[in-house]
Amino acid sequence: MLAALSRGRRFRYAFRILLVIVVIYILLPSPKAPHYSAHDPHSLLSTRAPQIQYAFDASAGGDLYRLQEVKKEFLHAYNGYRTHAWLHDEVKPVSGGSHKQYCGWAATLIDTLDTLYIMGLYDEFDEAVHAVSRLSFAYAPSGFCGVNPFETTIRHLGGLLSAYDISGSRDERLKRKAVEMGNLLFHAFAPNGVQCRSIIWPRFPGWSCEPNAMLSLARLGSQSLEFLRLSMVSGDQKWASKIEFLSKAMERLQDSSHIPGMWPKFFDGTCSEGVCDLDPQNWQWFTMGSGTDSAYEYIVKSHLLYGAKDDIYIKMWQKASPQIKNKLLFQPMNPQNNGMLFPGVIASRGGGSAAFHPEMEHLSCFLGGVFAISSRLLPNDSSDEDLAVATNLTHGCVWGYASTPSGIMPDTFRSLPCLNSLRNCSWDEAAYNKAGGHHYDLITPLPVGMTEIKRPEYMLRPEAIESVFIMYRVTGDPVWREMGWDMFLAIRNATRTKYGHSSVADVMRKGEETELTDKMESFWLSETLKYFYLLFADPRLVRLDDWVFTTEAHPLRLTDETRGGG
């Protein structure tokens, strides 16, 4: 009897010790983020309509050789940053120094978190998350700095939210840092509700920024994905309320421009109610390039993320899309007569005068991917037309790469529009030469089909490979992988340095002759190499039916409760 009581006491004592250990284990923060598969079948949405990604069969798989080649370049650049610029904004890829551009808040590291995870670099991811969790956004390492709200939203906030989502939405450190950054950005608005051009940080007591008299469309319409997702993750609707205010301003202004349905590049953001009404007598510029690009991208993608809660985004796209196709797109004359399309620029003045400029920016290459997503998101009579537009736009960007000596598209160039731009047109050498296409300078001839190269540099931009990746995932056509591989080889040949990869000054020189600028933007690791990697990866990795990519290529998780349909 006594022995039995003794055994009972020992059991209760052991049980209490075990209980204490379990409680301590639960309360202590995990030193590592949980490793969650980004193509785990249990992660997929139960709702499949509308299906955006092509129904690849189980044998599709990845191109392992090309995948490893891309990963090798990523590690080369990431290790250059880790060794020579850790916790700084950027590494200088030629000299090995560091560069502070975004308040010293480790822009490259935060921007790259999700890429580390997607590539299966879990040890590097854990190390990076630990380092980021110890950063403070309450101050700038150098004292005071000017925060660019637009860039900080897409790089820092988007990077933190995506890292949280892609790693299984379990690491509270990432969630806390996203909320911390979101609170900072919540103050980056003027009293009238319009986003500031920049803010001094830390803020002085009582300080507020001046309203922006030259507010770009991109600044007006390119926070929705990040702010909406932050409200979804945190449960605090204050960020979603900001987006609701800005989206209603866009909706109000959409039909009052010189091209109803589209928005001009600039607005006056100084009115007491927010964005001023458009003055019809002022000049208005319409473009898919700098200053506007991501706003058009986000109205499609915001519907994908949040359309079940608010249909404002898809209504705006349904007005904008036909005008983009009818007013802005043109077929450039080229010897192959291949039907490719470019978006041009329209400068319009009150009174009906307008000028069309056949000017193509690398930034505009995002548009092919957006039309591809739209063709699946809105299955209707225009779906086939939208996919054809997407195909021809993306072919145009691929052509821009293949046409230069380096194999890389220049940042900005001009071409000669066909007289009837959406029909086939024959090559007219006399007309081309008259437009200036017979020369570039005394030494270097222009690529045949381009009439002027306004900006010959390549800044490691991602927009062309972004659309190539989306076209592959939407159509399943392996030809896009072949095009992407040629682009990758050309970029690697021209940009690789001792400490990473550098922007180049002139793509009209062959790869080994390019002038390196010693600049490696964080989006090289966040966007460009991520899209190359996903192009060659198993298509089940980060499926387009489960994720939406921000303008900085940060995948955010779609949910049944908020995702928009057709």
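Keep in mind that glycine also has a Cβ here, set from the backbone N, Cα and C atoms.
Within the set Cys276, Cys365, Cys425, TrEMBL assigns Cys365 as the partner of Cys397, by disulphide bond. In the shown protein chains, 30 other C-beta atoms lie within 10 A of the C-beta of Cys365 (disulfide bond). Long-range neighbours of Cys397 (disulfide bond) (same chain, six or more residues apart, CB within less than 8 Å of its CB): His362, Cys365, Gly368, Met409, Glu463, Ala464, Ser467, Val468. For Thr551 (Ca(2+) binding site), other Cβ atoms within 10 Å of its Cβ number 25.
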